[in-house]
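The domain 'ABC transporter' annotation in Swiss-Prot covers 2-238. According to Swiss-Prot, the ATP binding site annotation covers 35, 36, 37, 38, 39, 40, 41, 42.
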């Protein structure tokens, strides 16, 4: 659906915002691109519909290199790419229905069809009763719903989201993500989401790429990235989700007792593994606590354990667990 090959963006001030990016987004993906501020995320997404022009590289949508399109061809292709923004980009002098209609007007829809289409779109986003309101009369979440309705106006195949929830409170963020997921399924959209919020990735994405200093440093299925992050930036972003639990463990170090985090993907269960380890290696295991990451693709369970007994036996027990269908991370080595 969307393929980027060796894409670079260098601005006139010599800022190299996007560096040799290679990315593939398949049809039907809800693909998240996450990174800290200044990582190059927003620059990257604006290249996909050529709001910004890349300095070099190739960008394919449905097998067509959009960099070869002339202005007329590009405008036609853009009708199939909807986009929503952090600050909504609504026209303050237009009502809700007029803001949505604007997207149809510039796409040269027949005037007699615009009213019906606007009504359909407002019903989809739950704002039929706000059609005559102005943006100043709406909450942040309602404004973003108008933005989503406008983005859907021309029946797009692709929806681009540039930090669409970062200005919203957690409750409103959840409702907007639920709406995006609903319309993605209903209209078979491919969604590309820029965010700095790992919670957004957890809630809705099936795949994710992590950006740092203009480069994609890691990418893959969300559950794989959460379970076994490789890059230090990825580990840092994920650590924010588990910050409280991991911080509490720093106060529980006891000499001679290793502390481990055991991660269980999907339906794998922990009890048989733990009981087998206790019997096989003659050690005691205390459970400090656990968390569950409820991802869009599957759940990942995190169990925090303290091992007690002969250190060599503890080490062998960990090595045994690493051969099972779990991921083991040593948090404290008992030294």
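From the backbone N, Cα and C atoms, a Cβ is placed for every residue, glycine too.
For residue 42 (ATP binding site), the Cβ neighbour count at a 10 Å cut-off comes to 18, with all displayed protein chains included.
Other Cβ atoms within 10 Å of the Cβ of residue 36 (ATP binding site), summed over all protein chains shown, number 14. The C-beta environment of residue 37 (ATP binding site), restricted to residues of the same chain at least 6 apart in sequence and closer than 8 Å, consists of 196.
Of all the Cβ atoms in the protein chains shown, 24 others lie within 10 Å of the Cβ of residue 39 (ATP binding site). For the ATP site, the Cβ centre of 35, 36, 37, 38, 39, 40, 41, 42 serves as reference, and the other residues of the chain with Cβ at most 8 Å from it are 196, 211, 212. Taking the Cβ of residue 41 (ATP binding site) as reference, residues of its chain lying under 8 Å away and at least six apart in sequence are, in sequence order, 33, 34, 35, 194, 195, 196, 211. Model confidence over the domain 'ABC transporter' (2-238) is summarised by a mean pLDDT of 95. DSSP assigns residue 35 (ATP binding site) to coil in the three-state reduction, placing it in neither a helix nor a strand. For the binding-site residues 35, 38, 40, counting C-beta atoms within 10 A of each C-beta gives the highest total at 35.
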